[in-house]
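All remarks here apply to the structure that follows.
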């Protein structure tokens, strides 16, 4: 609409002051913009119709909860929406009519009382075996992700040696592990077998 308004104002200026320009020079662009606006308005109406049709077929909001892209209700069934064929797609082309109606299915599950924590998917990981011990020579803050803070003189278990990057993976307890700078610790590896204790 802004382009059309601007061109209309420009045409008015040209009409009032012909020395500024030819008013008819703006007409082709105004016609083109008008056609584009009409086309876009008809697409808006078409999409609003599709939306209303889909909303009509969906269960009412009081019966459902939307979570993770799935519509959940009290029963454990699948809902199917029959979509009419031979409609114009968003890019302006027509979809092919199929012999059977396309069905859109949404999995329906009973609502859950709590959402599982994202961290739960990592709880099943096995604890890595220790390959030695170490003593922190200096305090380390451990602010970055994957690092662990240590105090000077603290004893820790080594679970992964420095691989040449200057970091050693250590564990304080079953749940508390991370990387510390290798130069900050004195490592004592076990002599029997690497990676097993």
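From the backbone N, Cα and C atoms, a Cβ is placed for every residue, glycine too.
Matching 1-28, 141-168 against TrEMBL, the residues noted as region 'Disordered' span 1-28.
Mean pLDDT for the domain 'REM-1' (1-53) in the predicted structure: 89.
Sorting the region 'Disordered' (1-28) by DSSP state (H, G, I as helix; E, B as strand; all else coil) yields 23 helix, 0 strand, 5 coil.
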